[in-house]
Each structure stands twice: as C-alpha cells, then as structure tokens.
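Colleague: When I checked TrEMBL for this same protein, it listed these features:
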{"type": "REGION", "residues": "1-72", "note": "region 'Disordered'"}
{"type": "COMPBIAS", "residues": "19-30", "note": "compositional bias 'Basic and acidic residues'"}
{"type": "ACT_SITE", "residues": "H119", "note": "active site, proton donor/acceptor"}
{"type": "ACT_SITE", "residues": "H207", "note": "active site, proton donor/acceptor"}
Amino acid sequence: MSAAPVGYSSSGSEDESEDGRQTRPEDGSHRRGQSPLHRQRFPVPDSVLNMFPGTEEGPEDDSTKHGGRVRTFPHERGNWATHVYVPYEAKEEFLDLLEVLLPHAQTYVPRLVRMEAFHLSLSQSVVLRHHWILPFVQALKARMASFQRFFFTANQVKIYTNQEKTRTFIGLEVTSGHAQFLDLVSEVDRVMEEFDLTTFYQDPSFHLSLAWCVGDARLQLEGQCLQELQAIVDGFEDAEVLLRVHTEQVRCKSGNKFFSMPLK
C-alpha cells in the first residue's frame with residue numbers, strides 16, 4: 001500500500017521568483033501649470049520591439065532545466081512558491097548511509113537521484129504574492145515562538161509520491177516525535193487559514209526524503225526493494241543514534257528567500 005502524497009511542488013526548488021518591484025502605469029495626468037502635449041504617435045519599428053522579447057511574459061516552463069519536473073502551478077509574475085519545513089543538516093555518517101542505500105535502490109530504478117538538501121515538510125507548497133511574504137513570515141514566527149525544541153527519530157523506509165504522481169521519493173518516516181510535528185503543523189495551518197491558503201494533509205506522514213525520480217515508480221520500489229532498503233537501515237552501524245535528530249528551528253522558503261524561526 002502506497003504512502004500518502006507528500007507536500008512538494010512538482011518543480012521543487014527551481015521555482016523562479018520575482019523581485020516584487022512594480023512600475024506605475026501612466027494615467028495621462030500632467031503636473032499643475034503644464035499643458036498636455038498633443039503629439040502624433042508614430043509606430044515603433046519592429047527592430048525596437050524585438051529587442052526585448054518576452055518581457056511581458058513569465059519564463060517559459062522548460063522541464064529539461066530542472067530534471068524533467070513539471071510545475072504544479074504555472075509561473076506568474078509576482079507569485080512566490082512558498083514552503084514551511086524543518087531543515088535537516090546531513091552529517092558525514094548520514095551521507096555514508098545514503099551511499100549504501102541509493103546504489104541499491106538504483107538497481108530497481110536507475111533514474112533515482114539523491115536529494116540536494118534534506119527537510120521534513122510542515123506545509124504543502126503554496127503561492128504567495130510578494131507583498132504578503134513578510135506578514136506571512138511574521139505570523140509564522142509568532143506561532144513558533146512558544147515551541148520547545150524536541151528530538152525525533154526517522155528510521156522507517158517508505159515510498160512516497162507527490163499529489164500529481166509525477167515524482168516518486170524514497171523517505172525515512174518519523175517513528176517518534178510525531179505528536180510534536182502535529183503540533184507544529186496545527187500552528188502552521190492556522191497561519192495558512194489566515195492567508196486563505198491550503199492547509200497540510202489530514203493524516204500526514206512526516207518524513208525525510210532521501211532520493212527522488214520523475215514519474216510514479218512505486219511498483220518497482222515497494223515490496224522486495226523496500227524490504228531490502230529497510231534491512232540496510234536496520235543493520236547500519238550506529239543507525240539508532242544517527243537517525244535520532246534534535247529539532248532546533250522551523251524554516252520558510254519563499255521563492256529564493258529563506259526565513260529561520262528558532263525554537264526555544
């Protein structure tokens with residue numbers, strides 16, 4: 001039985017973002033004491049019009065530039081893809097574990113690649129307008145201010161897909177600390193509701209994604225492969241200590257901006 005969808009946008013971390021600057025449209029008004037000038041308007045030559053192709057359009061969604069991933073929502077000027085999560089700083093021993101797990105998984109699905117960064121999601125990917133980013137982050141910080149730091153363990157191998165079934169992930173599911181993550185999500189959801197954004201899943205499976213591939217690869221990865229990956233984790237030296245993690249902060253990524261919210 002496959003796991004619930006995970007809260008990733010299909011385009012991952014390659015979602016472009018705008019700088020939010022706006023230009024004031026001309027309204028035809030003129031300064032006091034000045035007369036409007038009535039001039040004949042000549043057509044702009046094609047050579048000038050073609051100097052800046054595409055300046056009024058968002059960037060073309062070329063999936064070849066980000067590993068074949070497809071956007072969950074179309075790029076739109078002024079929209080910033082936003083995600084709330086708990087970061088995980090990978091240590092050398094953790095990367096050693098991945099160097100054993102990933103090649104084994106690739107014998108079943110060769111196109112699997114390692115995650116570039118590691119985290120546990122507390123929200124789905126949502127879209128914020130630029131002028132709402134700081135109020136959104138301030139509301140999150142207020143909600144996180146009273147939370148204590150806590151330990152969690154993530155040592156259960158599980159296979160996930162995103163909602164669109166366009167990406168598959170190998171993850172380590174949280175087996176202790178689940179209640180604390182639910183409390184964090186409850187507060188994040190309240191902020192989402194304040195901004196009329198999508199809340200998290202009803203019965204979330206908190207996890208640390210290790211590797212991913214384009215497409216739905218559950219059939220190849222579940223069953224025998226999953227059992228073998230779990231055996232590798234269970235038998236890895238010091239796995240019990242390695243996969244017990246201290247949660248110290250919550251982080252929000254909006255476009256290319258990162259905001260950190262330390263826990264008490």
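Cβ atoms are placed via backbone N, Cα and C, with glycine included.
Bear in mind that TrEMBL entries carry predicted annotations, made automatically and left uncurated.
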Colleague: To the nearest whole angstrom, what is the C-alpha distance linking H119 (active site, proton donor/acceptor) and H207 (active site, proton donor/acceptor)?
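Modeller: So the Cα of H207 (active site, proton donor/acceptor) lies 8 Å away from that of H119 (active site, proton donor/acceptor).
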Colleague: For each of H119, H207, count the other CB atoms within 10 A of its CB; which of these active-site residues has the top count?
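Modeller: Of the active-site residues H119, H207, the highest Cβ count within 10 Å belongs to H207.
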